[in-house]
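**Q** Sharing a structure below in structure tokens format, with a few things to ask.
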Amino acid sequence: MTATALTQQAAPAVARSGPRNSWAAVLALAAFEARRLLLRLPVLLAFALHVTWIVWRTLQPRDDYPVLQDADRATQGGPLLVGLAVLLCANRAVLRSTRRDTERHFAVLTLGVWRRTAAHALSVVPLALLTAVAVTAQFTWEALKSGAVGRGSVAELLTGPLAVLLFGAVGVLLARLVTSAVAAPLLVVVFLLLFVGGAFPSSGQETGAVWLDPVVTTAGAHPYPSDLLGRPAGWHALYLAGLALTAALLAVLVSGGRRSRAVQAAFAGALTLAVLGGVVQTGGVPARTVEARVRASVAPEKEQRCVRRGQVRYCAFSEWLPRVAGWARVADRVQALAGGPARGRDLLVRQRVDVRGGLLDDAALAPSTRPGQVTVGTSWGGNRVPEFSTAVAGVLVAGDEKAASVVCDGRMVTVMWLSLAWQSDPESALRGVRLDDSLTGSAIVVSRTEPLLMTAGQTKVVRALFDRPFYGVAARVKAHWAELTTPGVTTVRAAELLGVRASVGADRCAR
Amino acid sequence: MTTVSAAVTVSASGLTLRYGATRALDDVSLRLGRGVTGLLGPNGAGKTTLLRVLATSVPAASGAFTVLGHDPASAHGRQEVRRALGYLPQTPGFHPDFTPFEFVDYVAILKELTDRAARHREVRRVLDEVGLAEVRGKRIKKLSGGMRQRVALAAALVGDPGFLVLDEPTVGLDPEQRMRFRELIAQAGEGRTVLLSTHQTEDVAMLCHRVLVMAGGRVRFDGTPAELAARAAGRVWRSTARDPGAKAGWRTGTGGYRNVGDPPEGADLLEPTLEDGYLLTLDGDRGDRGDRGDRGDHGDRAEATA
């Protein structure tokens, strides 16, 4: 037979496609996978729900004007849903070549498995960026609302997008550890069960293990100055970033990247970040913050700035100074209705908080015994407005908050009329300021300090006054101011002085 | 001896690989140049194993090879080999939710074609080349088997690889699709090295300038298709009944019998085909493994490929 011999000469490779670069290919693959991730139905649905939630929440009429150091935290819940969808879809994308039996083919292509894993991990980044856009829009919307005060934290705003990054990286890692397509949905179900079932340590805690959760949205009982929050948001962001990087780099390592020293070093760095952030954030409220909380609670005058408007001096934590105009509108209206010396009396409106027991402590503030001092809280808008006007009226009538809190006679009629009569819908304001939202019978009147009590008779008289011409009642208040504000004046007498016939019967406070 | 005036693009020597007690590759040596080389052999002959070794999918236990001057023994060399490689596996997988464009684009990225505009031009080029321009935006799950096979070929061709490894690409295709595929492979063989594994001797006859026959993990024949057919010269004859002395015989459409083997005296000899040569080569191999006879040809080949 004949045989064939070939001349020994190396032939050049055909190179139509130009120079090649593995890391550029990783980025190109990440962009490819990101486009596909963005078009997955669960991700689209999650984003649609997130945006719908943001719009619904922002447009909903709310009692309180935004406090931005709380509004930033409120952006963290929605991204969890996006994160779970990303976890599912990223996991599925990694498993695609195994499920569709293309791995045998792809294994001989230039871009190795670990680089493909890195691309999958990077493909989650655009989704985290989109989440960041949604979060920024939500926060900006809140910040632009009238009456918004305070300042947001970048670290708090980063938490949602970082959680999406973390969930995506976990999806990629899971696919590299378990090739079953059922594992990720199971993990999502377990997560939801734990979350809905309250098994996460986040419920009702401010410090400690709660910070190991991806997001910690625990809201304080009231808004507080940023300096008093003591939320380790920066460390938490570092912890989340470290965890996301650790999961992504672990996925790269287990898929063959362990020979790359750069990957090993990056993994060690990421793990260090996660551990550092995790340890520091769970260390509790820093001593400096605890001291600041005590100072702000016990001696707020040392922490506040004051401005004078007419007869009233307003002292508030600096973040709330933009609210002075709102407070002044209320205080001026109430004081304008008062008679006698109260009309020209100097008042001090002092913003007070008591955060010594932690952010979640909802104990009422002790009423001030200082004559002419009115306490204002950190919330504003809705029912907080008649609460404040009641506090101003109480001090004008009784002299100080402590004395106002124990008023149990006809003076209460004057207090409530001063507080509510000038408002556009006094009855609605009365309902709003009463704890049980009632318009009849006795009720507790909500206050930032000690609550006041209205008897059924006083309620009847006050409502009857609302039906009378405003200026007529106002003239009677001024004319009979001295008697109306005398301790021990009965409700019946107050009604008579104000020109109202009301059958009030035995009218006793039930303290 | 025939000298093919072509540069060596792929060269292998002493490739050996065992799966347990089975020698999938047994001291395989070969040299390939530009053009389409056919790889024939029965099931279990070692064809797919050889292709997988050359495609760097599995490493050989011993032996060495180079592709376009790159030695895959080192990580860098393996990467260079992969950069020069286009591989169509025996049963290619697809991502059914991808369009042909997306799938080939994806493979192009895995081949490190990173410039998006240039890559997309290249993807469109190969899809045009395999005749899928019209359906490039359709989901793969909606394409016929032949079209899917063309998607796989496009994926192998993208990036214009210098070495194309095709593992039974025409399996399962109807005659028309097979003809279309042959055109594509012939076109692909212009200017690059193509190693085509197949069970179809017609594919080899029509496409290949050279053919290797494997059996039992070894290369049993290495030459031109004409040389393989020539092995059966004088050993194919016609008779009115099946000749009991024939190695193989079958009734043809004309009613007579076509026999392959050692013809009797005065037999009505026929022009041999490549398939006749292939059958006799395999039969010789069986004899070789049985009584170790017919060693001459193998010795010849071993000498030629050393």
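Yeah, the Cβs are placed from backbone N, Cα and C, and that goes for glycine too.
Annotations per TrEMBL:
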{"type": "TRANSMEM", "residues": "A:37-56", "note": "transmembrane segment"}
{"type": "TRANSMEM", "residues": "A:76-95", "note": "transmembrane segment"}
{"type": "TRANSMEM", "residues": "A:121-141", "note": "transmembrane segment"}
{"type": "TRANSMEM", "residues": "A:153-175", "note": "transmembrane segment"}
{"type": "TRANSMEM", "residues": "A:182-200", "note": "transmembrane segment"}
{"type": "TRANSMEM", "residues": "A:233-255", "note": "transmembrane segment"}
{"type": "TRANSMEM", "residues": "A:262-280", "note": "transmembrane segment"}
**Q** Please report, as numbers and ranges, the same-chain residues at least 6 past the borders of the transmembrane segment (A:262-280) whose CB is under 8 Å from any CB of it.
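**A** Same-chain contacts beyond the flanks: 114, 211-212, 232, 235-243, 245-246, 248-250, 252-253.
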**Q** If we call contact 3 or more Cβ pairs under 8 Å (sequence gap 6 or more), are the transmembrane segment (A:76-95) and the transmembrane segment (A:233-255) touching?
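**A** Answer no: the transmembrane segment (A:76-95) and the transmembrane segment (A:233-255) share fewer than 3 Cβ pairs below 8 Å.
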**Q** Please give the sequence-distant neighbours of the transmembrane segment (A:153-175): residues at least 6 beyond its ends with Cβ less than 8 Å from one of its Cβ atoms.
**A** 69, 72-73, 75-76, 78-80, 82-84, 86-92, 94-95, 117, 120-121, 123-125, 127-129, 131-132, 135-136, 139, 183-184, 187, 214-215, 226, 231, 233-234, 236-237, 240-241, 243-245, 247-248, 250-251, 254
**Q** Are there residues at least 6 beyond the ends of the transmembrane segment (A:37-56) whose Cβ is under 8 Å from a Cβ of it, and what are they?
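**A** Residues packing against the transmembrane segment (A:37-56) from afar: 78-79, 81-82, 84-86, 88-90, 92-93, 123-124, 126-127, 130-131, 134, 137-138, 141.
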**Q** Residues sitting near the transmembrane segment (A:233-255): Cβ under 8 Å, six or more positions beyond its termini, same chain?
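**A** Contacts of the transmembrane segment (A:233-255) (Cβ under 8 Å, skipping residues fewer than 6 from its ends): 113-114, 116-118, 120-121, 153, 155-156, 158-159, 162-163, 165-166, 168-170, 172-173, 175-177, 211, 214, 216, 263-264, 266-267, 269-278, 280-281.
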